[in-house]
Structures are given as structure tokens and as C-alpha cells.
Amino acid sequence: MSAPAPLPAPAPRRRLRVATASLAGCFGCHMSFLDMDERLVGLIDLIVLDRSPLTDIKHPGPCDIALVEGGVCNAENVHVLRELRRAAKVVIALGACAVNGGLPAMRNHRGLEDILRKVYEERPDGGAGIPDDPELPLLTDKVHPLHEVVRVDYFLPGCPPSADAIHKFLTDLAEGRTPRLADALLHFD
Amino acid sequence: MTSLETAPSKTGLRRIAIDPVTRVEGHGKVTILLDAENRVHQVRLHIVEFRGFEAFVEGRPYWEVPVMVQRLCGICPVSHHLAAVKAMDRIAGYGALTPTAEKLRRLMHYGQIAQSHAVHFFHLASPDLLLGFDCEATRRNIVGVVAAAPDIALKGVKLRKFGQEVIRHTAGKRIHGTGAIPGGVNKALTPEERDELRRDLDEHVGWAVEAVALIRRLAGAAPDFYAGFGSAPSHTMSLVAPDGAMDLYDGGLRARDLNGAILFDHVDPAAYHERIVEIVKPWSYMKFPHIAALGAEDGWYKVGPLARLQTVDRMPSPLAEAERQVFLAAGGGRPIAGALMTHWARLIELLHALEVIRDLLDDPEITGTDLMAERGARAGEAVGIIEAPRGTLIHHYRVGDDDLVSWCNLIVSTTHNNQAMNEAIRAVARDHLDGRVVTEPLLNHVEVAIRAYDPCLSCATHALGRMPLIVDLVDADGVTISRAVRNADP
């Protein structure tokens, strides 16, 4: 009787390609991503970063997940968001600004023109000139949450969402589970 | 050679854009104009986003502001939190804080300095220095550092984590906490929390010493390159303590000129606007501040680690001060202006921050429970200035009798460095791009110079430019039939 053949090693799971972007946000959600601390090292076995402010890849290739922080406040944001939507199977609105516009959307109540005029007239040294270069993207009249511009698959609230929440969410997706966050991981501040 | 800020003529020039600039925080792009021989004619760092905090803070109750303004920046939220609350202390009529409250705010701030310097060096900039400016772009990131130098990467991750934990214990939350309130702080540090932080501290100080040794070794291996790359000699400015020592939480403004001589000293923060003036250039939403007495052309200056190590007379912590002397000696007694030297200065400040945190944790008053100052007469206007990780951060508010903010002016650290960053990338373009076929690694050289300043481009986009609207009606042959203009120069 011969020894049983060893079980074949499980096929290595394909690492998920994850793109990230910060639109009209503060980078706090990306910082919360880094707040995974030592778990980042383990995460590298599950995901590979594509276009992201943390890498030097400037445009996304085909990828599995796009984590998008920040709302949409100018034409460039629209362009980047649409590019990510085309490239990624799953788009996640990461944090308050992406989910509902967040604090930058406070400008919506004032009206862009009103804000501009007020600031122009009341800056102490403000009369020196007007930024009007074609290199500067046009502003949208209001700050928009992502889902007003593209289809969004998941919304992860919080300002920012905690590292624990982001970690649970990504590992659920990477390991083929439907992402579920316990109440303790869901918060809005 | 021209200044490269504006090409004398744009005819026949080719445009190259680095868009977006990566491994920095926020949104920026660089444009470069080249002729047929690849001669560089124009180089600009554009800040392409604006959000308008200064405008929509108006009308909000003053006590909301220290929490709101953190959303300017997720990397240095504590700096905005504390600069705003320092102004609101005065607005609300509070005089000197209780010793415990001031020490807890300092603890929070030095935790911020430690985590921000760590994230900047290890997570964002170190791939250039450890893997090479021309390392393959897909590997040139923190994951590449984890693979190539796991020990360095993991210690960097833990140094940042420690700073974040200091913030969590003092502000309630790692990012966008709420610890400081006008008149003091809202949470004491328990002895258990103190012990938890203190337990790990000495090991982290050791790692910071190793980090300084690492950058000292890198710079020592290529001293001329570190001294000359992206060099932008300029005036410098920071807060200093009354005795001239480094103090990142409070003090008076000091500026030194190109040769290190003092231009002004111990200027009351409330009088900052007598010394600093901002101008607007049409191609960036970020304003350009300069020292008023010297004018826009000659008055621009640097803030941040490289400036601070040279504005102060000493650092009040022994390990960091010894390293500062080694750093200054590398400049041979002359002011140091090389962009990469900023990383060396930054890591010395990381060590300094941990030493200060240790002294604060060893102070029995840190676990005190007397958290709120006595309240006196209110003020209608106040300025709060702090040394944020990237440099001097100015918050200036007026508040009405109805408690609502009626006016606000912010000059953030990165804005002070606007001209210096532009000069640095022009120096890199002159030295490394001019006349050569532009490749991705060469373009990364430009980004390396920007990263050295640790620019917080989100912070810098708070300020509103004035968005012009120009509508041209053009016929099928491209001839302009009519033009409507609003908010633009005539």
C-alpha cells in the first residue's frame, strides 16, 4: 500500500488590481487606508495597486476595484472618475465626500459666483490678477457625489472610514465574499 | 538663461505634462514647454483644484471651525485643528491655557509631526531614494520598498502608526479628531494611555535614530548631488521660541535672508500681515506669498523642515540637536538649499518630535485633569499660527457678536513654498532635461524635487482663485465672431 499522494497545492488566488484616486477630498481616506499599519504588508498578498497617488501609475489599466475618495468639483475630477469607471469592475465611493459631497459641498449653498465675488472683493492682497490659464480645469457649479456622475457599486461612509472598515471591505472582496460591515465599523463622522 | 517661469514666445513649442503629480498629497500638475531641440523654455507647477474653505467657513459658529478646517487636509488635520483653536481661544476670551491643556495640545501636535514626517519619507518619497529615481515606474512605490527593504519599510510603517496613536489618545480619533476646544482640551490622558504610549517609545526613538543615519548615509554617498539637486536658495521663515529655540507649537515669526542673516525676529503672529503679502499668478490657484519689505521678485522664501533647521538657534532635544549640527556641517557653514536635503532635515525633526513626546509623557502634569482655562473678555479678531509638518500655518479669523465667523484668511504651509517649488523644478529642468530626449525617469526627477517639499496640495487648494469665464463664439473657419468675458483682466 503506497502513501497517499500529497494534496495538490491550492492554486494561488489571483491578486485583485486596485486603483485609488482622491478627487475633491482631503486625502484623509487614503491616510485611513495607510492606517491599516502592519496589515498593509499582508494586504500586498491580496491586492496589487494600479493607478493611485501612492504609485507612479498615472492612468488606470483594466482593474477589479476603484476606491475613490472625494466628490466631483471640476472637469478634471469628472474625467478621472469616468476613466476609473471604464477601467474598473467595481467602483467604491470611499468616505463622506465621495458618498454625499462632504464638507467641500458646503460651497453649494453659497453659489459659486457669490463665493468667488466675495473672496475676490475681501482678500487683503487679492487684486493682483485672476487665475485664467487654460491649464486650470473648469469648476463645476456644484460639488457632486460620485453617483451623480457615474454608477457606483458600494458606498463606504465615514470621515474617514476607519482602517478596520476599509480592511474588512477589501479582504471580503478579495476573498470572494459579499462585503459586510458590522455596526461597529459603520460610522459617519 | 531666462527664469523659465514664462517662455518669451510660445510659438513652435511642444507641451509635456506630468499629470497628476504622484506620491504627493492632493492635485497638482507640471507643464514643460520645449522647442525642437528639447531646450526647456517654461516650467510650471500648477495647483489645479480649489475648494473654497475661506469662503464657506464664513457664517459658521466659531466653535465648529477647529473641527471643520481639519477637512482641508487628511495628512495634517491636527495642524489645522490647532491653528484654528489657537485663534478661537482668543475669540472666546480665554487667556493662557492650563498647563495640562497646553501639554496635551503639544503632545497631539508632535504626534502629528511624527506621523506626517514618517508617511512622507517612508510611504511617499523613499522609493526614489532607496530604489532610484529611474527605477521602473510600476515598482517605484511603497510596495516596492517593502519588497526591496522590508525592515526599513516596516519600521517606517510603525513610526507612522506611533504618531497616529498619540493623536488618537489626545484627539479621540486618528484622522479628524476633536480633542482641542476653545479654552483647552476636552479629554484628559489617562495614566493607562500614557503608559501604553511610553512603553513603545524608546524603541521608536531608536528607529528614528536609524532613519536619520540612513539619510545621512545616502547623502554622504553623493554629497554634491544632495547639495545641488533642485537647489533653490531663498530666504527662510518659521516660528521660534522666545529664546530662539525650535518650537513647533507656538512662538514668534523669524525670517533669515539668503545668507542666514536675520530679516525679522519674534514678530507677533497677529502682525503676520505686515510682513507677508500674497500675489496671484494666472496659471495656479495657489497664491504666491513673499516678504512685503523685499517685494515679489526677491522676497519669496521657504518654510518647513529645511528652513526650520536653519532659522532656529537650536533644537531643544539632545539627539536631534546633535544631528542638526552634523546636518549644518554638511553645508560647510553656508545656508543649505538642495531639495533632497529637506528629507534629511525632515528625519531629524521626526527624531525631535519623538524626543519631545517622551519628555511630555514623562511630565506628571500630562495626566492632569484641569483642562479648561479661565474665561475673560472676548475678541472680535484673532490669528493662530503653528508650525505644521510642512511649515508655518496661518489661520486668521474675525467673529461677530453673534458667534458667527464673518471673515477668514488662511495661509497654509505649502503656499509659502509655492515659488520655492517652482524654482526647484526649474533647476531640475535646467540640469537634467534641457537638450535631452525627455523620458519617464527624467520626468520623475522633476517630481522628486516636488516631493522633497512634501507639498500638501489639498491644503493649498483651500484658497479661492477667481475663476474667469470667457466664452468665444467661433465660426466654421475658426474666426472669433464675438467674445464674452467675466472676471478676467481687460
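Cβ atoms here come from the backbone N, Cα and C positions, even for glycine.
Please treat TrEMBL annotations as automatic predictions, because they have not gone through curation.
Copied over from TrEMBL, here are the features:
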BINDING   B:GLU54, B:LEU410, B:HIS462  Mg(2+) binding site
BINDING   B:CYS73, B:CYS76, B:CYS456  Ni(2+) binding site
BINDING   B:CYS76, B:CYS459  Fe cation binding site
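In the three-state DSSP assignment, the secondary structure recorded for B:CYS456 (Ni(2+) binding site) is strand. Separation of the C-alpha atoms of B:LEU410 (Mg(2+) binding site) and B:CYS73 (Ni(2+) binding site): 13 Å, rounded to the nearest whole number. Between the alpha carbons (Cα) of B:CYS76 (Ni(2+) binding site) and B:GLU54 (Mg(2+) binding site) lies a span of roughly 18 Å.
Neighbours of B:CYS76 (Ni(2+) binding site), defined as other CB atoms within 10 A of its CB across all chains, total 33. Contact annotation for chain A: of the listed binding-site residues (B:CYS73, B:CYS76, B:LEU410), B:CYS73 place their CB atoms under 8 A from a CB atom of that chain.
Neighbour counts were taken at the CB atom with a 10 A radius for the binding-site residues B:CYS73, B:LEU410, B:CYS456; the maximum falls on B:CYS73. The DSSP secondary structure for B:CYS73 (Ni(2+) binding site) is coil. DSSP assigns B:GLU54 (Mg(2+) binding site) to a helix. It is 14 Å from the Cα atom of B:CYS73 (Ni(2+) binding site) to that of B:GLU54 (Mg(2+) binding site). Of all Cβ atoms in the protein chains displayed, 22 besides its own lie within 10 Å of the Cβ of B:GLU54 (Mg(2+) binding site). In this structure the alpha carbons, written CA, of B:CYS456 (Ni(2+) binding site) and B:GLU54 (Mg(2+) binding site) are 17 Å apart.
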